[in-house]
């Protein structure tokens, strides 16, 4: 069974897991992967003007044969280096997607826009006109920047999509708390960083312990951790087995409070350095070999100092 959707502060609901078309999928024809994701059960597709994948999302949606109401589509306004207005940009995105309206429209990098308050007014207008059911932001991790946007807005952002994983959780805590205060749902991308970017780090131990109890994979435990934080998972893959693994999280038990806390504490230690990670990956024989080499270098250096 699919994950329960999450309530937004505007009365709409958002699916709890999204298939993202950014990351390594940017700037190429990925129609086949989106089609596969939809076929396997992803109902939430995340794209962006900047990714240059909207056209392929549109093709895949058309090929799926699903009713529009069965899919939740997110895209993002970039704005940087372009003279197009919000109205022109959303119309262009809708044309590429072959849709009449979006489920969610986000400002991609609001912290880099000099006129973010004016851009937000354009977003509110798009929502009033029915071009986007919900509106929000992406990568707005400065709490003061988010607070300033809210103060000048008639409509609060419904969503803030940010990079979120156990190693940056404590760094993101201030903006997470502010989002909770205003009932802004957080979408988490790059959550698998402890596995893909920072393997063999402190969080491996509590993640593996939780995996053993729940019968989950480490990847699924990370997504369970994201769920425990009340966030939407935004992930991607071109591998069918991985997509199935991601969706199977819906059938797993939740992490206990103790398991979530253990991952938080381990994550606060920070990711392993390159050298630390390399040492942790070594088998016993390698460690002994490098210990011998290090000892020889040490004695050689001492001999030259004393000679």
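Every residue gets a Cβ built from N, Cα and C, even glycine.
Pulled from TrEMBL, these are the features on record:
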type	residues	note
DOMAIN	23-264	domain 'NADP-dependent oxidoreductase'
ACT_SITE	51	active site, proton donor
SITE	76	site 'Lowers pKa of active site Tyr'
BINDING	108	substrate binding site
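Residues within less than 8 Å, Cβ to Cβ, of residue 76 (site 'Lowers pKa of active site Tyr') and separated from it by at least 6 positions along the same chain comprise 47, 48, 49, 50, 105, 106, 107, 108, 138. The C-beta environment of residue 51 (active site, proton donor), restricted to residues of the same chain at least 6 apart in sequence and closer than 8 Å, consists of 21, 22, 25, 26, 27.
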